Structures are given as C-alpha cells and as structure tokens.
Amino acid sequence: MLRIPVRKALVGLSKSPKGCVRTTATAASNLIEVFVDGQSVMVEPGTTVLQACEKVGMQIPRFCYHERLSVAGNCRMCLVEIEKAPKVVAACAMPVMKGWNILTNSEKSKKAREGVMEFLLANHPLDCPICDQGGECDLQDQSMMFGNDRSRFLEGKRAVEDKNIGPLVKTIMTRCIQCTRCIRFASEIAGVDDLGTTGRGNDMQVGTYIEKMFMSELSGNIIDICPVGALTSKPYAFTARPWETRKTESIDVMDAVGSNIVVSTRTGEVMRILPRMHEDINEEWISDKTRFAYDGLKRQRLTEPMVRNEKGLLTYTSWEDALSRVAGMLQSFQGKDVAAIAGGLVDAEALVALKDLLNRVDSDTLCTEEVFPTAGAGTDLRSNYLLNTTIAGVEEADVVLLVGTNPRFEAPLFNARIRKSWLHNDLKVALIGSPVDLTYTYDHLGDSPKILQDIASGSHPFSQVLKEAKKPMVVLGSSALQRNDGAAILAAVSSIAQKIRMTSGVTGDWKVMNILHRIASQVAALDLGYKPGVEAIRKNPPKVLFLLGADGGCITRQDLPKDCFIIYQGHHGDVGAPIADVILPGAAYTEKSATYVNTEGRAQQTKVAVTPPGLAREDWKIIRALSEIAGMTLPYDTLDQVRNRLEEVSPNLVRYDDIEGANYFQQANELSKLVNQQLLADPLVPPQLTIKDFYMTDSISRASQTMAKCVKAVTEGAQAVEEPSIC
C-alpha cells in the first residue's frame, strides 16, 4: 500500500508532457485497437485489460479491484490469458498494448480462476447460512460461476480474532480475504489511516493494530465495498435477508447535500439504508448519519394528535378536535398576530401549503430557523445562497477558500469531493476559521473574520494565490451567517468573489461564490420567500405560532407572550413538541413523497417507503385539512396539484435533478456595498468541530440509539487518549 505522498508523486510523474511519452497510438485518433475474445475495441492508451473487457460488456471476476480506489492487484481473481503471452496476467493492473487479443474464457483463464478461488476458499469458513452478506456476496456469486466443484484442502482452517472498531461496523475477520478494499477506502476516500495489515502470508490480518474505534464519518461505506462478510452492519445484524426486503429509491435529508439512497423495508419497517449512485452528488458513498440513524424513525414518534388540557398536560385527542382548536385560533387572529417557523426537515410541499394558509389570514411572517442575512442582496438573488459551483464542480477547481465551515461534518460527501480533488488534481485549500481536521492539508489563514477584509483589499498574501488561480472557489459555511455580523461576512465574501472574477483568469461560466448549507429545507424555504431567522417573531411576538417541524430550539416559551397559542406539527417529540398547545403528528422523509432542494439548488424527491405510524399524516395534507375546517380552503387536493402550485411560485422546485444557473454575482456585489455592518473580532467557530458533534444534529438522529452509541464510543475513546493507563 503506497502512502499518500508517494502516490501523489507518482500521479505527478504520470502527467509528463506527451512529447516525453512513447505511445503506440496513432496521431489521428490517439486510440489503440485491442481484441477481446476476437471482438475489436478502440481504447485510450493506459486503459487496463479489465476496463477494455468491460467496454465490450465482458465481465471479469474481481475482488480487490474497485473503480474508485487505487489498483492493488492482490486477489488475482481477474487473471486472463493474452494470446501468445507465456503467462496469464492480472486484468485490473495490466495496461493494454496495441493488437493484444485478450482471451477471457480460454481454458488457461478458467484454470487460473479456479486455482485462485480454491486458495481463497481454503481458509474461508462455511458461515453462509448465518452471514449477513448472504444473498449479496461477491464470493458466493463468483465461486458459483468461476470456482471448482470441490476442494482439495484437508488441513484445518485458520481462525482470526474479531476486531472491535466501533458500534457501527461488525467484524468477522475469519471471513476476510485480504482484498484491502477497506484499507484503501479509509486511506484514499475517508482520509483516515486507522486500518492496515499486520503479518504476512497465512498470518496476514486486517485491523487497527491496537484496538480502537474506526474514527470516520464515512466508515459505513467499508460495509458496501467489502466483497465478503468480513465487514457487516452491527445495527442490521441478523434482522433481514436482502431478498426479503422491498427497496425504495429516495434521498437523504440529514444534511443539505441530498445524497441519493435506497431504503430497504420489510413489514412496514425501515431495515437499513444504502447508498444509490449519483455521480454529481454522492457518487456511491453516504455518511454514517445517513446510513445508521434510521432507528430514530421508530423512537419518540408522534403518532396521535394531542392538546393541552386545563391542567397544562398534553393529552391524546382526535384529529377533528385538534384541527378544530387550531382552526378556531386562526379564525380569531389575523395578520401579524399569526406567524410560522419552518424546521430543517420540512419538504417543499408543506412549505408552500403553510405559506398559502398564512397568506389567507393576511400574514407573511413565515420564518426559517436558520438565519441568512437579508441586508444587501440578501435572499433576493438566488445565486447569493447557493453552492453555485456545484458539488461535482469542486473537482475542476484549483484553489478553494473555506470560510467559517467544517465541511467534514457539515457536508461529509462534499468534503470527500474536496479530498478527491486534493489527492488527484493538486487542489490548494485554505481555511479561515477554527483549525479542524479536514482529512487533507490546508493553509490556515487564521480564525478572525477580519482576514476577509485583507483578502478583499489585496493586502493579504493569499490574495495573490486567488488572483493567479484559473478556477477558484470561495465556500462560505451557513453556520458563519448565524453570527451577529453575518451580513458583513457575506458582503466581504461577495466582494472577494467579484474581485477574483475581475482580476484573475476566471471564465464567464465559472462561479466563485458558494454557500454551503447545513439543513435540508433551507434552500426550498428561501426559494418560496420565507424570511430567514426568527428575529421578526422576537420583535413582534404573535398570538398564534405555528411550528412546522421546528426543533432547533431557536425560540422558547420565554420568548413569547404567556397567552401565545403554539401549534407544533412534526414527526418527533423533540424540542418543539413540549412547548406546544396542540400537536399534529406528521410524516418523516421515508413516509412521504416529497420535494427537497439541496445546497446547490437541485430539486429531488423522496419516495414513500413505509406508511406513517399511527394516525400521523403527510404535512401538506394536514395543512390542507386545517384550511378547510378554518373556512379558507386551499385550492389543491392531490400531490400533483400541490406541485403545480410549487411550479407557480418557484418553477425550479419541480425541475427534478436539474440545476438552474444563477449569474447575478455583479449585482449581488453592488448591493453588498450597501451593508452597514462591521466585522466582529470574535473567531469563526463552526458548531461541529469534532466527530462527536456530527452524530446528533436533528430530531431523527437525536432519537437514534445507534447515534447515541457513537457519541458514547467517541467520548470514551477521547478520554482513553487523554488519560492513558498507568500500566
């Protein structure tokens, strides 16, 4: 296994000028012709035998090879014969040469695979009936297709002690075939060197050397890439077989990236969550919170409507009674006496329905929990609050300036993209804010926001780096905008971005200014005209307050008049429900077909995987029923009609998996000059500094026992490091 600096040096060597490289390609096409089982195929120079075979649809068996990891070539399962070559070659590691005829199904190739498979199975235990990998195991499939029908191994099989690497990944290391996929993933994708090998030959083992937790926010992905049952999910252990589950394609709402997922369910219960391929967002990875927090969907759920009685206690009631009480209050108060706050997990359909309902009572006090400055361009220009370069676009950047953010825990898949570009494209990264572990090296410019002024004026040394960059990115974390000087920070970043565009070699299509959001609902709420932050409610306390999934604790009972009537609509009894006078149980993201917009402005849909528990209903349906009882019926009855209304208000919300370019950067910069606010000297400190802060950030993950175990394991691990044993 090559260390990262060595690998980066080798990558640099591979980028030699073409004049210094001897090639067999023709000058006209730069492609070379090879043959796969007699079938001609044209490929790029440097293409491996395995890639050439896949190009014509020929599948080569493999265990260690993975297209997103470096080539190890140590399982030897991909051995194929090259015509006139003395020996078989490893298809994953051997570059093709002009005129080669690759024989994938020759007797020599088959014999080689059978021999490799026999060696792999010699020490492999017969655990298939009790192995969680059963039914989706590469070793099972390939031994059936390419292996022999009997073994000649008569000696005793070896046994390996299992490793404890945390509460998420279960290890049965006797099943390990030493493909090193997990080691390469940890080192290359996750940026953590916790995993490695010890011993050699028959005594070789994969582990952490000393017993410790695999400290990564992406650790669950080693379960997916493990070709055997050596690494499986601890929470999922012995619960279901893959052929028993129903799979629903959906998206994740634990952060603002919008990772694509597959929800596996059985008998109306979420059994597990797996990643779904999307090259422009999450590739084929997901974060541990996305993967393992699903048990929070079953705990602390609101399943029936509740009202507060004369004694001040919340008691169960019927939908008719609960909606009638709320309708009565909406009929009694109008205008500024009615307000609403939308939480971080709310879908666009519910947001537009609530907006229409409050507009019927002449109120426009619709707020989000997350603050975004309204001074200057504010939220009037969409480019002002999006990740304009896009998530995949970071792979084209040559310089990234991070401001007040820790993307490793606020947006793990975006951070993985930055690491990927840093590793393969020599990306230069700089950070303004508290020093954090980002899994890649960066220049720490300091933690004071006043550094932004120095960069904007050109007096800071990093100004020259940005000026010389061809595709620079400035990424401002939304957490930095929660400060009292958020408007000044946004104006300073906007000024830097515009000056870079004017003075460097940035082309017209490249976008410099980027906002990295943390919560799933924020972009859709801003698109629909919600006011960011609850300052308007604090200044003018309402008589009726509607909390739509608002569990961030941005407002408390003490902030409101004693006679304020609070309605909470959501799916968990978390922060908002205990202060409410009426509770309306809603549906979680796995229980409804809903629209969410990620930080880059891409609209995506969740799908119904299970039905809501008890009497809970979809949020927009509750609001629609409430409007009818209150005598102000909203003009839609079906989901399609709600989405037609979404299209009227903001057409981009129904253009799924599409990103609309936003280019009003110059106008935003001109308006930012009108901001009359000074930068504070307080350091920029992101709320999620360590992995302990990553696991429990919303109502679902806070209800998850698995996430609580992670916090406990990380805390105990940190204490063990701080307080070493006397022995």
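Including glycine, each Cβ sits where the backbone N, Cα and C put it.
Cross-referencing Cys53, Cys92 against the [2Fe-2S] cluster binding annotation in Swiss-Prot, which names Cys64, Cys75, Cys78, picks out Cys92. Binding of [4Fe-4S] cluster 2 is annotated in Swiss-Prot for Cys176, Cys179, Cys182; the matching candidate from Cys131, Cys226 at the same site is Cys226. If you draw a 10 Å sphere around the CB of Cys226 ([4Fe-4S] cluster 2 binding site), it holds 25 other CB atoms from the protein chains shown.
The Cα atom of His124 ([4Fe-4S] cluster 1 binding site) lies nearest to that of Cys182, taking the recorded positions Cys182, Lys467, Lys499, Lys709 as the candidates. Secondary structure by DSSP for the domain '4Fe-4S Mo/W bis-MGD-type' (245-301): 11 helix, 23 strand, 23 coil.
Cα spacing between Lys499 (N6-acetyllysine) and Cys182 ([4Fe-4S] cluster 2 binding site): 43 Å, rounded to the nearest whole number. Note on the domain '2Fe-2S ferredoxin-type' (30-108): DSSP counts are 9 helix, 21 strand, 49 coil.
Across the structure, Cys137 ([4Fe-4S] cluster 1 binding site) and Cys226 ([4Fe-4S] cluster 2 binding site) are spaced 9 Å apart at their Cα atoms. When the binding-site residues Cys128, Cys131, Cys179 are compared by Cα distance to Lys709 (N6-acetyllysine), the shortest distance belongs to Cys131.
Of all the Cβ atoms in the protein chains shown, 19 others lie within 10 Å of the Cβ of Lys499 (N6-acetyllysine). The secondary structure of Lys467 (N6-acetyllysine), as reduced to three states from DSSP, is helical.
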